[in-house]
Amino acid sequence: MTESHDTPITSDGEARPHRRIKSFVMRAGRMTEGQQRGLDQGGPLYILPLADSPVDYDQVFGRSAPRTLEIGFGMGHSLLEMAAAAPEQDFIGVEVHRPGVGALLNGVLTQGLKNLRVYDCDAIEVLNRCVADNSLDRLMLFFPDPWHKARHHKRRIVQLEFAELVRRKLKPGGVFHMATDWEPYAEYMLEVMSAAPGYRNRAADGTYVPRPEERPITKFERRGERLGHGVWDLKFEKVD
């Protein structure tokens, strides 16, 4: 999710404010009964509104605990599994795909989880408007759209500007964890993050970390394994 550098000019010669290029496409999708239940019953309890000032998440969760935010949780399987496995931590998921939000919330209701909240809007807006600086222990970005074609690379969410936004929101020592099943995108993310100031690559060899135990195996990973693809994990720690 990066900014366009083209500034449109109006007919009277004045420059219009440029629009930010989004890294996602809104997809229509039918709701299952369970997904609709999640939205109807879980939405009022667990979907957070987009705020105009930093949110006090200690108040939202009723405690102070290590906090993880995931961007683009898809259908929510991994986030649900991680939240259930770590009840002593708090999790915030951001996803614009409504069936995915419904599926996650249905799981939250079914499992009775209390340590998970959701935003159903643009993650950049959430980070800019709702998340205080130096407040996150971890930010996760698993299997983002790689935008394969060269002309679409500007739509990739991992850009220097985004890396700086994430760095501001992480606590010192906080970790930005990325994963992809497309090697050219892994190489691209490694290049961007290696050039981003204020980070340290946690990989011993300066490339990719071994598959972390805390990241559940996703459908993307299983698909990649069937196709003979690998999965690349990157972990960059905020150092200042």
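Glycine residues also receive a Cβ, built from the backbone N, Cα and C atoms like all the rest.
According to Swiss-Prot, the active site annotation covers Asp145, on the basis of similarity to another entry. The S-adenosyl-L-methionine binding site annotation in Swiss-Prot covers Glu70, Glu95, Asp122, Asp145, and the record cites sequence analysis as its basis. The annotation substrate binding site is assigned in Swiss-Prot to Lys149, Asp181, Thr218, Lys219, Phe220, Glu221 on the grounds of sequence analysis. Positions annotated as region 'Disordered' by Swiss-Prot: 1-20.
The structure, with features from Swiss-Prot marked on it.
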{"residue": "Glu70", "record": "S-adenosyl-L-methionine binding site", "DSSP class": "strand"}
{"residue": "Glu95", "record": "S-adenosyl-L-methionine binding site", "DSSP class": "coil"}
{"residue": "Asp122", "record": "S-adenosyl-L-methionine binding site", "DSSP class": "coil"}
{"residue": "Asp145", "record": "active site", "DSSP class": "coil"}
{"residue": "Asp181", "record": "substrate binding site", "DSSP class": "coil"}
{"residue": "Thr218", "record": "substrate binding site", "DSSP class": "coil"}
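Ranking the recorded positions Glu95, Asp122, Asp145, Glu221 by other CB atoms within 10 A of the CB puts Asp145 at the bottom. Taking Glu70, Glu95, Asp122, Asp145 as the recorded positions under consideration, the smallest Cα distance to Asp181 (substrate binding site) is found for Asp145. Shown in sequence order, His77 are the residues of the chain, 6+ apart in sequence, with a C-beta less than 8 angstroms from the C-beta of Lys219 (substrate binding site). For the binding site of S-adenosyl-L-methionine, formed by Glu70, Glu95, Asp122, Asp145 according to the record, the largest Cα to Cα distance is 15 Å, rounded to a whole number. Here the Cβ of Thr218 (substrate binding site) has 19 other Cβ atoms within 10 Å, regardless of which shown protein chain they belong to. Of all Cβ atoms in the protein chains displayed, 21 besides its own lie within 10 Å of the Cβ of Asp181 (substrate binding site). Asp122 (S-adenosyl-L-methionine binding site) sits 22 Å from Thr218 (substrate binding site), taking the C-alpha atoms as the reference points. In sequence order, Ser78, Leu79, Phe91, Ile92, Gly93, Val94, Leu139, Met140, Leu141, Phe142 are the residues near Glu70 (S-adenosyl-L-methionine binding site), counting only same-chain partners six or more apart with C-beta under 8 A. Residue pair Thr218 (substrate binding site) / Glu95 (S-adenosyl-L-methionine binding site) shows a Cα separation of 16 Å. Glu221 (substrate binding site) sits 14 Å from the residue listed as 'active site', taking the Cα positions as reference.
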